[in-house]
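*Asks:* Right, I'll just put the structure down here and ask away after.
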Amino acid sequence: MAARKGRRPTCETREPMEAESRDTSSEGPAQVYLPGRGPPLREGEELVMDEEAYVLYHRAQTGAPCLSFDIVRDHLGDSRTELPLTLYLCAGTQAESAQSNRLMILRMHNLHGTKPPPSDSSDEEEEEDEEDEEEQKPQLELAMVPHYGGINRVRVSWLGEEPVAGVWSEKGQVEVFALRRLLQVVEDPQALAAFLRDEQAQMKPIFSFAGHMGEGFALDWSPRVPGRLLTGDCQKNIHLWTPTDGGSWHVDQRPFMGHTRSVEDLQWSPTEDTVFASCSADASIRIWDIRAVPSKACMLTTATAHDGDVNVISWSRREPFLLSGGDDGALKIWDLRQFKSGSPVATFKQHVAPVTSVEWHPQDSGVFAASGADNQITQWDLAVERDPESGDAEADPGLAELPQQLLFVHQGETELKELHWHPQCPGLLVSTALSGFTVFRTISV
């Protein structure tokens, strides 16, 4: 939500839930702004970011935009909240020409929290503030390798001590890249310069599969069986990859059959080695067991999970819940113990355009996040109920229209594509969009 407040206009365009709008025409009182629900901004009025709503907020550009990325688990420790933060991403570009694409490792570090509000201070204090600001500038290192073809999806896994990335590209191939060297060189500027000069052109995938006969987007590594991989394509086929002793993979040529249109997303069960879920442009969600032959492996189906394409799913690591998002803008929660009923246990409607990404919080079982083509990122908490004594709804009737479980709406990005919670930094969200990467933590999670 944002407040409307009469001020001089600026070029600020970031629009989180807790933001202000600025208006040259009047010095009116602050009002709540509801994305997609309230009246449109008037001429001379715009939303600006309220930094007090964020613990941390940073943006980064990588040249060509990235349609997909994944967070690389690191050795810096779990449950870390002490600032400044360091994090590692693996991403792939969607450049204008096929030969201009890159697979990259990003090292973001010196990520400090949002600045406290300005106060009346002396010249000496101002100089100290400027020095502090210089010291607190975020840093970004990029280690890139050439990749022919735009990268549709990237997912990272560790095979023992070896980090690898599964890469789906528009050229119709799924490739596996070793990441160890890239992660090494982003730590040392001289090593990085030498790598970009002498080595990057020689970096090739350690395995490639072209048996899908077309491009795709669905890709997921098993969290329980190292190296086990699923890939799904736009031709409705899903293939199972099994790691072999020689550091390679055997890809079963018999696809899992059941969907009638493009497979949009895949998710392994976090509790069962052989079970996975899929969603499709045919509006269905299916549950499979790989112990059966591919033609008979579909065990459960909800044929009309959404009104149209089901774009994304996320399987809770802590509860028997599956979260889905579709072209209808709806977010639905499915209790797998009641999946046969074909009815979700909860449906939330805040997004006014297709949902592009969903993910459960890795530590808090009731919290999840979603992004949409309406340029909103929403944070939700199933445990929240509105306090009837708070008076918020009476103060602003528009609040009564919002789902009680909606914690936060972040705006200001353009063409949001994917988001992930950082598994080792509680509450930290990373997103990619046409406008670049955003790393933030709100006061709500």
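Glycine too: its Cβ is placed from the backbone N, Cα and C atoms.
Where the annotation comes from TrEMBL, it is an automatic prediction and has not been curated.
Pulled from TrEMBL, these are the listed features:
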COMPBIAS  9-25  compositional bias 'Basic and acidic residues'
DOMAIN    45-112  domain 'Histone-binding protein RBBP4-like N-terminal'
REGION    1-42  region 'Disordered'
REGION    110-138  region 'Disordered'
REPEAT    256-291  repeat 'WD'
REPEAT    303-337  repeat 'WD'
REPEAT    348-390  repeat 'WD'
*Asks:* What residues elsewhere in the chain lie close to the repeat 'WD' (303-337), defined as a C-beta under 8 angstroms and at least 6 residues from its ends?
*Replies:* 223, 264-265, 267-270, 277-281, 283-285, 287, 344-360, 362, 365, 368, 370, 372, 374, 380, 382
*Asks:* Mind checking how the domain 'Histone-binding protein RBBP4-like N-terminal' (45-112) divides into helix, strand and coil residues in DSSP?
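*Replies:* Summed over the domain 'Histone-binding protein RBBP4-like N-terminal' (45-112), the classes give 6 helix, 37 strand, 25 coil.
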*Asks:* Which whole-number mean pLDDT does the model give the domain 'Histone-binding protein RBBP4-like N-terminal' (45-112)?
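*Replies:* A mean pLDDT of 95 is what the model gives the domain 'Histone-binding protein RBBP4-like N-terminal' (45-112).
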*Asks:* May I have the DSSP-based helix, strand and coil counts for the residues of the repeat 'WD' (256-291)?
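*Replies:* Helix, strand and coil residues of the repeat 'WD' (256-291) number 0 helix, 18 strand, 18 coil.
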*Asks:* In the repeat 'WD' (303-337), how many residues does DSSP assign to helix, to strand and to coil?
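*Replies:* Secondary-structure breakdown of the repeat 'WD' (303-337): 2 helix, 17 strand, 16 coil.
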